[in-house]
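Participant: Please read through the structure below; I'll follow up with questions.
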Amino acid sequence: MNDSQDKIVAIVPAAGIGSRMGAEIPKQYLLIDEKTILQLTLELLLTHPKIDCVVVALHPEDQFFKGLPLSSHHKLHTVVGGSERADSVLACLNHLGGDCWAMVHDAARPCLTHGDIDKLIASRQRFPQGAILAAPVRDTMKRGNADGTVKETVCRERLWHALTPQLFPAALLKGNLEQALAQGANITDEASAMEWAGVSPGLVDGRVDNIKITHPDDLLLAGLFLGNAHSLER
């Protein structure tokens, strides 16, 4: 890889309102130990030595981001996001210049570790098409009926929980996202856009504590994970 192809830009779609949290402010601005979720996530990305810069997609009426201590960080850029995650990611990709790798990470996953980022970056040698962090399914899986009863047990062999970051060549991801959205495809993450285009992303085994904060109980759990991580660092 040449220098420009080796450049890594982190993309953080943070334009959502997080309605499932039942909070008055977007979930990325809720606090864990006196820091917002978004602050914790951005700190993790900005301090990784192999990430050149971070682009954050914000809601057009966001009133909270400028209050973050790192909002003016020299490696941090912002764009106006869209109504859906894919629209926000595409806005960030349009902001990028040149040939690089796009590492897309959920704003509500503050428990990511530098070690997992290292593993994902290293996977480019094995998966030049791109890869995602993922965790093998360990629990018994059930498919349900519409009435809330069990329909059947699903074989968990070769099933993975998709996590983030997800790392792809930026130009390839941008092109596939644009085409998929134009065709009305249901794009739930970056890997699904690549799959839609016939690309099979690599799977990189990630830590199960890299949770996405979606419900109120997740705040406490994330705080425990982050506290344990800090204890281990000391």
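Cβ coordinates are placed from backbone N, Cα and C, and glycine is handled just like the others.
Got these off Swiss-Prot a minute ago, pasting:
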SITE      Arg20  site 'Transition state stabilizer'
SITE      Lys27  site 'Transition state stabilizer'
SITE      Arg156  site 'Positions MEP for the nucleophilic attack'
SITE      Lys212  site 'Positions MEP for the nucleophilic attack'
Participant: Starting from the Cβ of Lys27 (site 'Transition state stabilizer'), draw a 10 Å sphere and report how many other Cβ atoms land inside it.
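Facilitator: Taking all protein chains shown, Lys27 (site 'Transition state stabilizer') has 26 Cβ neighbours within 10 Å.
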Participant: What count of other C-beta atoms do you get within 10 angstroms of the C-beta of Lys212 (site 'Positions MEP for the nucleophilic attack'), across all chains shown?
Facilitator: 16
Participant: Hey, does DSSP put Arg156 (site 'Positions MEP for the nucleophilic attack') in a helix, a strand, or just coil?
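Facilitator: Where Arg156 (site 'Positions MEP for the nucleophilic attack') sits, the three-state DSSP reduction gives coil.
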Participant: Cα-Cα, whole number of Å: Arg156 (site 'Positions MEP for the nucleophilic attack') versus Lys212 (site 'Positions MEP for the nucleophilic attack')?
Facilitator: 21
Participant: Count the other Cβ atoms sitting within 10 Å of the Cβ of Arg156 (site 'Positions MEP for the nucleophilic attack'), across every protein chain shown.
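Facilitator: Its Cβ shell of radius 10 Å holds 13 other Cβ atoms.
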Participant: How many Å separate the Cα atoms of Lys212 (site 'Positions MEP for the nucleophilic attack') and Lys27 (site 'Transition state stabilizer')?
Facilitator: 11
